[in-house]
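Trainee: Among the features that Swiss-Prot reports, [4Fe-4S] cluster binding site is placed at C184, C198, C221, C228, with the record citing experimental evidence.
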Amino acid sequence: MSLNADYQKLEPGNEVRLFSVDGTAFGMSDVLRFHAHNIAHTPEEIEAAGGDENKLPAKSIWWQGEEYKAWPCQVEGIEATTDGTSPQPKLTVANLDSSISALCLAYDDLLQAKVTIHDTLAKYLDARNFPQGNPTADPSQEKLKVFYIDARNTETDEVVEFILSSPMDLQGRMIPTRQLHSLCSWCIRNKYRTGDGCDYAGTRYFDKHNNPVDDPSLDECNGTLTACKLRHGDSNELPFGGFPGTSLIRS
């Protein structure tokens, strides 16, 4: 049975959501892993605490060999939309003992930290979560959502709220990054002979009209498939960055 098949059921089982915040790219020493589930203690654990459950710490969840500690948090707005816009969720975490405020001060509000949301079911959790083990443990059964911290929105003594963005939004990219037309994208972006897309480094020179020239300073690619073939040869692999078939389409 797979997670996808479970989600098709009327009662898929107990859902588990785990969070990880990775700021190692800008100097954080550890990945922060946490969950917001209230997991009951066993009678044996309560008895060992002298019958006072308040003496027991909140229980961690182990997933894929990593410990996710209990920490009050919630995420809103991660649902997909139908209008083509990317979601911009809000992650709210408890500011216990001002610990999150301290992280914000130390690491520039955790901007661009990678936030990964793991969704799975309790029956797939690591065996060490269960006193008797777990024969259905399967670390591959999860759904991932990845965002990056784009801004710190609210900060109080109780909570800190972060605005998340998709990786594409954070980098300011637009869709599509390439247009479908018959001209070479590398040429249009002035990347002829740069090695970034266009790797031509030969000694065949042509002007913008595809006429052969001896002076390298007159060498200019016009971005056509013909220009690419003249330089690389008809029988060689071409790094052409266009879509020749689009020239057959007429509006």
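The backbone N, Cα and C atoms fix where each Cβ goes, glycine too.
Computed from a predicted structure; not experimentally measured.
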Trainee: Which secondary structure state does DSSP assign to C184 ([4Fe-4S] cluster binding site), in the simple three-class scheme?
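Mentor: The three-state answer is coil.
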Trainee: Residues near the [4Fe-4S] cluster site, C184, C198, C221, C228 excluded, by Cβ within 8 Å of the Cβ center?
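Mentor: Apart from the listed residues, the neighbours are W186, C187, Y192, Y200, G223, A227, R231, P239, F240, G241.
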Trainee: How many other Cβ atoms sit within 10 Å of the Cβ of C198 ([4Fe-4S] cluster binding site)?
Mentor: 23
Trainee: Among the binding-site residues listed here, C184, C221, C228, whose Cβ has the fewest other Cβ atoms inside 10 Å?
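Mentor: Per-residue Cβ counts within 10 Å for the binding-site residues C184, C221, C228 bottom out at C221.
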